[in-house]
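*Asks:* Input: one structure, supplied below.
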Amino acid sequence: MCFSFHLGTLDNKCTVQKNSTFLVSNGCISSAPVEITSCSGLCETSSIYSAEANALVHSCSCCQEMTTTKKEATLTCPDGSNISHSYIYIGSCGCKASDCSGQSTSLRRRRRRL
């Protein structure tokens with residue numbers, strides 16, 4: 001389930017974020033930092049009344065990966081051996097439609113209990 005906020009204009013649009021870190025797997029570590037990517041930012045979420053449905057219509061989207069590639073890194077193990085480790089690299093991010101009907105139901109239940 002996705003949560004986002006609409007604050008007029010989207011200053012922090014959904015984009016690829018890059019971070020350098022050492023990869024660690026099964027006690028083995030990369031000899032140099034590796035660029036790891038993630039998706040972060042705001043996407044559109046709304047509720048609007050529909051006269052036709054006589055109900056609120058919810059529209060949600062989440063900031064998610066759009067394209068990915070598999071990359072390889074060499075990790076050095078404590079015994080001095082090297083292993084090849086594959087990881088997923090995000091090439092682009094975007095807002096993908098998602099189901100937000102469960103979110104409104106749980107919020108309604110919480111409000112009734114208060």
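Backbone N, Cα and C atoms are what each Cβ position is placed from, and that goes for glycine too.
Here the structure is a predicted model, which means the values were calculated and not measured.
Marked as domain 'CTCK' by TrEMBL: 14-101. Annotation source TrEMBL lists disulfide bond at C28-C77, C39-C93, C43-C95.
In the displayed structure, how are the listed features positioned relative to their neighbours?
*Replies:* Sorting the domain 'CTCK' (14-101) by DSSP state (H, G, I as helix; E, B as strand; all else coil) yields 1 helix, 65 strand, 22 coil.
Sequence-distant contacts (6 or more apart, same chain, Cβ under 8 Å) of C77 (disulfide bond) comprise N26, G27, C28, I83.
Neighbours of C39 (disulfide bond), defined as other CB atoms within 10 A of its CB across all chains, total 20.
C43 (disulfide bond): 23 other CB atoms within 10 A of its CB, across all protein chains.
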*Asks:* Return the residues near C93 (disulfide bond) by Cβ distance under 8 Å, restricted to its own chain and a separation of at least 6 in sequence.
*Replies:* C14, T15, V16, C39, S40, G41, C63, Q64, E65, M66
*Asks:* Does anything in the same chain, at least 6 positions from C95 (disulfide bond), have a Cβ under 8 Å from its Cβ, and if so what?
*Replies:* C14, C43, E44, S61, C62, C63, Q64
